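Listed in Swiss-Prot for this protein:
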- LYS266: active site, proton acceptor (ACT_SITE)
- GLU338, ASP339, ASP362: divalent metal cation binding site (BINDING)
- ASP362: site 'Important for activity' (SITE)
- 391-407: NADP(+) binding site (BINDING)
Amino acid sequence: MMSLNSSSVVKSSISGVSWTQSQSVRLSVRRPMVVAMVNSNGRPERSVGVSVDGAVKDVNAPVAVEVADSESKKPTAVVGGGVEDVYGEDSATEDHFITPWSVSVASGYSLLRDPHHNKGLAFTEKERDAHYLRGLLPPVVVNHDLQVKKMMHNIRQYEVPLQRYQAMMDLQERNERLFYKLLIENIEELLPIVYTPTVGEACQKYGTIFKNPQGLYISLKDKGKVLEILKNWPQKKIQVIVVTDGERILGLGDLGCQGMGIPVGKLSLYTALGGIRPSACLPITIDVGTNNEKMLNDEFYIGLRQRRASGKEYAELMNEFMSAVKQNYGEKVLIQFEDFANHNAFDLLEKYRTTHLVFNDDIQGTASVVLAGLISALKLVGGSLADHKFLFLGAGEAGTGIAELIALEISKQTNAPLEETRKKIWLVDSKGLIVRSRLDSLQHFKKPWAHDHEPVNKFLDAVKAIKPTVLIGSSGAGQTFTKEVVEAMSSFNEKPIILALSNPTSQSECTAEQAYTWSEGRTIFASGSPFAPVEYNGKVYVSGQSNNAYIFPGFGLGLIISGAIRVHDEMLLAASEALAEQVTQEHFDNGLIYPPFTNIRKISAHIAAKVAAKAYELGLASRLPQPENLVAYAESCMYSPKYRNYR
């Protein structure tokens, strides 16, 4: 084997292979495969040996992040959202060189099919010669920005959102860095494509459009082998797992194994919006069957063809999964439960919140983003949270989670007992207003919201009886905020706050146009899915989107950069307050209670800083010492999709 340099010799006799390098190399042995080493002429040399996890770095390249404040402490965490930057991808600038040795690069043909390192037509002339790419690409060399421009042009040619979704997923499988650069720079246009509402349709048709597997699938057939399956995943330094069992996908119900589109979409946002490196993210679907007859009878369905398991069988598989994750990835891996049905969502969160770093976005993430919107809305309507009365349509994960966080915030502001602050919040479920006379028949998570009141069966009657100042929909039932409901809200509120949170768009309690029209332009409105601006009486109203994507990427980043070992409710309150602080007077003047997504990475950095600060304050952070400038530190830890130069 030819050496890179005659100085600073590093040798290995593993599998009969030896090499030399002029600079430090990180080494780890994997199974034998064909790799390419660089000879003295600068060209890769084909050889059969072991894969080398290493990068020839600039000797001056920083290993740890130093925040902007020159007076601040130097944190011990390496860059990239707290994940070791083995290849120098985040600490390197475009002028530094990296060597893509994590996979086989014995041929240029293979390199072009590796989404983690492929640059397409952006490979330079030198790289084409060095990595056997000459002739495998057209002669033109284009830059990253032109590639983004071309891809956006191509995507906009599709009129059907699902086709745009498929184009984005194809790009992710082909060129990871181009995918994330495209998404980051066009987030407002592409967010509804890679996530709600389009991802819902993608999950419904996942078996039909399925091409390449993404993430891990763990089924009942794998009981006793979960740890082995986790070890099959090629990336070993996982920091965030998003897991679903597919039972309650958005407002679409039980989609079984085809719910995988949700973890995949969520984790793409962890990277694009929160800066967590893609290699540190792992989407997982737990397949315990489905009760959806349409799926079971679909010849293209990709999951187990059996009725959904429950009880002991379900609990044992989930317990094995949680134990295996902790054993394989350690104490500080974040496990986000996603789209579990109510009965499992609450039980899993309660069971594992004291033993694992767990987060339920449907319960906690939704609550945090809604609370942020309410804090912002108070600047438009006046008063404090304690001055308002809240009525929810929907008493599931989202509804009760939001209600509890509102009650916690009021308790924090007023020093009143939580039992008292809950009395300002009323919930309606499928059987009507939740009152004390129904206590014996209520599910355990609804019981704290059973107040003294006569039974009310119809939602409109509940609105008229309670006379709330804030109306929140989390029912998953479309068109339930009727004209009569909105008019009733407008009759006893000068500026009624109406939040129609259910996803996707078809399940929204009302549209933006309906809310503004029926309230005669007086409502403060936000929704879970995006709506176009509305013109009413010569004025244009731009509604806000109460999207969990405001919260969970920054929240996760905050947990990682602090090395948090548990999630505490005060961290959720801190995230809400941080998001509300990002709404400016200009946004208020336009009727917005959430900031635009165009600046989402800076918003996420501020949220991460607040969450990390709270983790340090509560003694739940393990990454020491604490950086003095947490915002700058969070920004410096974020993954960049810029191309790296290859030797």
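Keep in mind that glycine also has a Cβ here, set from the backbone N, Cα and C atoms.
Known features from Swiss-Prot, placed on the structure.
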| residue | record | Cβ contacts under 8 Å, 6 or more apart |
| --- | --- | --- |
| LYS266 | active site, proton acceptor | TYR195, VAL242, PRO283, GLN336, GLU338, ASP361, PHE552 |
| ASP339 | divalent metal cation binding site | THR244, ASP245, GLY246, GLU247, ARG248, ILE249, LEU250, GLY259, ILE262, ASP362 |
| LEU391 | NADP(+) binding site | TRP426, LEU427, VAL428, ALA462, VAL463, ILE466, PRO468, VAL470, LEU471, ILE472 |
| GLY394 | NADP(+) binding site | LEU427, VAL428, ASP429, ILE472, GLY473, SER474, SER475, GLY476, ALA477, SER502 |
| GLU397 | NADP(+) binding site | ARG248, PHE340, ASN342, ALA345, PHE346, ASN360, ASP362, ILE363, THR366 |
| THR400 | NADP(+) binding site | ILE363, LEU427, PHE445, LYS446, TRP449 |
| ALA403 | NADP(+) binding site | PHE390, PHE392, ARG422, ILE425, LEU427, TRP449 |
| ILE406 | NADP(+) binding site | ALA367, VAL370, LEU371, LEU374, LEU385, PHE390, ILE425 |
Additional residues around divalent metal cation, ordered along the sequence, whose Cβ is within 8 Å of the centroid of GLU338, ASP339, ASP362: THR244, ARG248, ILE249, ILE262, PHE337, PHE340, ALA345, ASN360, ASP361, GLU397
Binding-site residues (GLU338, ASP362), the one with most neighbouring Cβ atoms at 10 Å: GLU338
